[in-house]
Ligand SMILES: *Cc1c(COP(=O)(O)O)cnc(C)c1O
C-alpha cells in the first residue's frame, strides 16, 4: 500500500509520507502513520476527527497527560524570557533550580546533575563518567561494561552495545559495537555465583556495571526483585565498581515510588533519567552522579574535567518544563494515582489469563503486561486497538499498558477492558478459541 496521501486532511495536515523517515519503520511497506492534530488529557485527537485514549503515554513520557496547563504555562513564560543559552561559561535559573531539585529528590548522595537531550545520550555520559573516573585515578584498561541479558539502554552505538545481545541490534551492527560483558540477572544463588565469577574473571578491564532497576522495559517489561538489584549493588561494592542505574523508564513514579532504586534501598553511582522528566513535553535527560563519582573529577588538572558538553544541554525551556512537572508531583497525588492504576490492573487484568496462547499476565505500578507466545500479524492487532479507540503499541511478544498517571477511573477501566478484549479477539483468531 502506498503511504502517500494526496489529499489534505482537516487542520491543514498533509502527511505526504515521502520525506519524513519514521522510527523502526520499513517505509516501503508500513501502513500510513496516523496524523495527530492535538492532544489533551489522555486523548490524542486525530485529523479525521477520531480521538484515542493513549495507553502508552507517548513512549512512556506524558505522565500528567497532554497539554497540562501548568507545564504549558511554564514553557511559554520561559521561551519568552530566555528560550536558549549555552551552558558553557553561562548558567540560568531553570537549570540551577532543576539540578538542585533533582539532587534533593534522587536517592542518597546523587547530587551532581549533568544535562543532555536524550536518554541514550545520558547513558553514554554515565558510561563516560565511569571510564574517565578510572583514568583520572591513573588506572588504565578499564573500558568494558557488564550489562544484562534482556536490558535496553538506547539506540546509539555505545548504548546498543549494552542492550540485550539477541533482542537488540547487535547482530545487525556486529563489528561496529564495543564488545561488552553480558550477564544473566543474578536472580538465585546459581546465577549470582555466575555473575560474580564473571566480574572476577574480567576484574582488570571492567569500567562499570549498567542495569535498569526492577523492570527491563523495552526488553519486554520483565520485572525482577529488589533483592536482585541489591545483589548487583553489593557485588559492585565488593569490587569497587561503579554501578549505573538507568531510571529512564522507571523514574518519576512508574513503579509507585519516585525512583525504582528506592524500592530496593540502594544508591547507584550514576543514575540516568529522561522520558517523564519533562512530563512528555520537551526533550531533556540527565546523568546524576554520586558525590564519590563527582570527586574523581574534582581536581586541579583541567584534563580531569568530564569531557562532554551537548550543544543544547540544560535548555531553559526544557528545564522549566521539568521544574513544572516536579511541581505537579508535589501538588497533585501522582504516586497515589499510580497505586490506583496498579489496583485497577489487579482487578481487570487477571481475566486475560485465559486468552488463548497467553504466556503470562503481570503488572506493577503503572505497567500492565499481557505476554503472548509471539505477535504474528502485529499490524492487524495494532489496527484492532485503533478501531476500538485506544492507542496501544504491542512489541516483541507483549501487549502492555502504561497510561498517563492522571487517567480517570472510567477511562482506565475502559482502556484495560478494551485492551483485553481486542487482544482476546485477535488471539482467538491466531491461537484458536482455546
Ligand atoms: C527509552 C529508554 C532509553 C533511551 O532513551 P532515548 O531518549 O530514547 O534515547 C534508555 N534506557 C531506558 C531504560 C529506556 O527506557
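Every residue, even glycine, has its Cβ placed from backbone N, Cα and C.
TrEMBL lists 59, 152, 309, 393 as binding substrate, and of 28, 275 the one it places in that same site is 275. The annotation in TrEMBL ties 119, 120, 310, 311 to pyridoxal 5'-phosphate, and of the candidates under consideration, 164, 184, 246, 360, the one tied to the same site is 246. Once Cβ contacts within 10 Å are tallied over all protein chains shown, the binding-site residues 275, 393 are led by 275. Checking the binding-site residues 59, 119, 246, 310, 311, 393 against ligand 1, the ones whose Cβ sits under 6 Å from it are 119, 246. Cα distances from residue 246 (pyridoxal 5'-phosphate binding site) to the binding-site residues 59, 152, 275, 309, 393 are smallest for 152.
For the pyridoxal 5'-phosphate site, whose binding residues are given in the record as 119, 120, 246, 310, 311, the maximum C-alpha distance rounds to 23 Å. Cβ neighbour count within 10 Å across all protein chains ranks 119 highest among the binding-site residues 119, 309, 310.
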